[in-house]
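Undergrad: Quick one: structure below, then a few questions.
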Amino acid sequence: ERRHRNETTFEHAAAAPATAVGQALRTHYPPPQQPARQTVPFAAPTSTTRSPASLQHAAPRRRGAAMLPKLEKPRSPTSILESAAAAVALVVTARRGLVVRAGVELKSAEVAKLDKGVRCLADEERDSDGKRRVRLINPIKGWASRKCLRAAWAEEAKATGCVRWVVDVMKWTPSDQEFDFLLALIPEAPERDAVTRYKQVDDRKRALVSRLLIRRCASLCLNLDQLASIKVARTKGRKPFLKHATKPDDRLNFNVNVSHEGRYVVLAAEPWCLCGIDVAAPRDTKLDSLKQTLTATEWAFVDGDDKRFRALWACKEAFTKARGDGLGFPFADAEFTLIYDGDASFEASVAVDGATLPDWRFRGETLNDHVCVAARGPVSAIVD
């Protein structure tokens, strides 16, 4: 079964409007090499992410009724959340025999043919001679027709209950009407207030998308028809959970976690094990002020490198959010060891108070200089 395989996946799901906001990305990774020992390959998080240190008041978002242009009727939440767009990175599957060419032009030399069902990682889309072309980067490099590819994130969420989604909110520019329509889909007043409490538009977008993704993920994984029927509450550690939700026998411990910072909102869900996720955007923070959050070994590893620091920080966030205690856990008590696969991806292991925790798995990816880490751990590790 999928939950017994040590793998972590990211999917860029569309969470945006007609102007193509979302991303549909899914990446499959083989299990990391581990010493011969018995392990339980899973984990889980909270949604307590560091918000900006200060929020400046922006101009009011609302306009007078007389100034509002006549707009089309807002689309349904399902169509909004499933309108996948050109993405920074996405995983696509060949619909049928797929011809891969060396260049974007249709007359470019053929470099390979892929069978139906082959999964490919892509990073760019372009128009050429009136046709939409996608650049593949793995397992083969080249260009292929967009109509011969599909992104199956929704189907796989339904089939497995295991989800990794990333949404680029900077590609979403909702009108006031669309934003208010989507906000009204959240039935819990405290959750709506948490969105409107932000003054900056980008902060509001991140907060809204994160809450919509939780509900959309639950609706797919648990076969729930109406978003409004999905009630979300939070633990003392601010980890979201579903209230009064009937779960299938094979997903009795379904849990979900979100994080948002910079241009991305990220989500992880698991049917059995705990899961946690965090995204760390580039920042101008002086690292010396955060030295106390790392162990001596971790501080030596960072060596003044902001990206390495953010990788460790995201690991600690994902770990504590999965446990459920969030910021209540002393970060310096957990020491992470990172093993990079190239410049953008890494696996990690964790030791708490010097004792290695073999049942935890961590996978990190770099997306537009944002570091995203997903954590999986045993249910026995839950704190809150």
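The backbone N, Cα and C atoms fix where each Cβ goes, and this holds for glycine too.
According to TrEMBL, the feature region 'Disordered' maps to 27-76. Sequence annotations record features per position, and here TrEMBL assigns compositional bias 'Polar residues' to 45-54. According to TrEMBL, the domain '4'-phosphopantetheinyl transferase N-terminal' annotation covers 171-271. Here TrEMBL flags 275-372 as domain '4'-phosphopantetheinyl transferase'.
Help me see these features in their spatial surroundings.
TA: The residues of the domain '4'-phosphopantetheinyl transferase N-terminal' (171-271), classed with DSSP into helix (H, G, I), strand (E, B) and coil, number 44 helix, 22 strand, 35 coil.
If you take every residue in the domain '4'-phosphopantetheinyl transferase' (275-372) and average the pLDDT, you get 93.
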Undergrad: List the helix, strand and coil residue totals of the domain '4'-phosphopantetheinyl transferase' (275-372) as derived from DSSP.
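TA: Going by DSSP assignments, the domain '4'-phosphopantetheinyl transferase' (275-372) contains 38 helix, 34 strand, 26 coil.
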